[in-house]
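S.K.: Take a look at this one; I'll ask things after.
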């Protein structure tokens, strides 16, 4: 079966009332036959085809099935955030992004695998087993939205929601050869998103075409009274941005993102893509942005500090894992959390606890927040001169399973390109630019706050003029 | 730089098995060593940035929501009638 893009499916469903149900049925069959190896889904909604049938067919998505990262709450469908501590938890409500998709006619196909509580860049930290990359099953698909990237690339879903804290949409998009968008902080409601680091978490789409990203963003963007950090700024016309022209634009490659530590093969593809962008009539400069070297340390202090606070709610009392233990309240909590959390989550909670504890708060946490300010100011200054900043999305092609797991710093270093946008709350989009040795590579475009239209315009022109069409399915 | 694992376990309410404790301590030590680079920076005069990119707080009206308590109670693992059962405090 050749899975269509979301937009192609929308066109088919518009003229054929039975199309969505048939497609949902085919996707469920395909998941059953090939996902045993990929492990891109934690749970599958067996009722998806039936729900497609009951769609009125008049909404923009016509009952088409969409996959959803397992950290995004879905009413009546188990939601675990990839953690044993939430095994069996069935939310009594939908996240706003999900309820907006459902109102637009979408059906939830299933919940996609992920690094536990979004902590990881490889997709190996899930309590439900690692996800594999459909381009090469011995390799990781990137994280933390590993299942969303793998499912879309393998044609198991038309499009998927992911969530991006330090790069968790862009990294799997790069490693699976798909398009992935991290919207500006506040552009999409976080209501119902299981929190990791609240000041950076943001829901975003992964798909095989820019048009699909624009369509998904058009539906999920906008102010939500249930999230006080969601922006009241009007939602722009993202579909119109697809027809924009890039000639005469000024963009810049950030020197610090293409130097030491970048795989030569990634560099070659990246510069080839930059030449192609230049060929679209875009002026490309090279610039330097200070403080980027310190952004990784800043991110891991801030994210871990926020995680240590956010994950304090998992105590085995109100929902999720609730084993029988005797003892007082504190010893019960400690035992449940010891049993329920995986190793990487424990490291990050304890790291955050350390950074916030007496004696380290000013030396580490406050300094990390000050570096965050400097990074954001530097990016803002660069973006006052240039419409977009370009870099590779990931410094390497996807590594083999197990290659990064024993060495936390080596895994954290993978996020060096994606973290600055997260710290500054800026939108960024990963565009697939080709493969090296059969492995996908992505280019990241980073834009001004709320300027998702420029990201979509550049991505659409690249897709049309250079890629000559949507991203191909992985050769399963 | 010093890591007092016992203190961190207590503060984070986190049990670790003996095997796990060695591994977590090793990883934490390595990461904290890397993060030490922040300590040497002179950042006096720089304002910390707690959140990115939202300038206005969009608070909703302070009115009770219509959440159905029975539906919420369905996810509670241990309960008695409409109460959440918790371990003994003392």
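Even glycines carry a Cβ here, placed using N, Cα and C.
Nobody curates TrEMBL annotations by hand; they come from automatic prediction.
As annotated in TrEMBL:
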ACT_SITE  A:69  active site, charge relay system
ACT_SITE  A:144  active site, charge relay system
ACT_SITE  A:168  active site, acyl-ester intermediate
DOMAIN    A:22-456  domain 'Amidase'
REGION    A:121-144  region 'Disordered'
S.K.: Round to the nearest Å and give the CA-to-CA distance linking residue A:69 (active site, charge relay system) with residue A:144 (active site, charge relay system).
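M.R.: Here the two Cα atoms lie 9 Å apart.
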S.K.: Is it possible to get the count of other C-beta atoms within 10 angstroms of the C-beta of residue A:144 (active site, charge relay system)?
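M.R.: Total other Cβ atoms inside 10 Å, all chains included: 35.
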S.K.: Only counting partners 6 or more residues apart, tell me which same-chain residues put their Cβ under 8 Å from the Cβ of the residue listed as 'active site, acyl-ester intermediate'.
M.R.: A:114, A:115, A:118, A:121, A:143, A:144, A:145, A:162
S.K.: DSSP on the region 'Disordered' (A:121-144): how many residues come out helix, how many strand, how many coil?
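M.R.: Per DSSP, the residues of the region 'Disordered' (A:121-144) fall into 0 helix, 3 strand, 21 coil.
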S.K.: What count of other C-beta atoms do you get within 10 angstroms of the C-beta of residue A:69 (active site, charge relay system), across all chains shown?
M.R.: 35
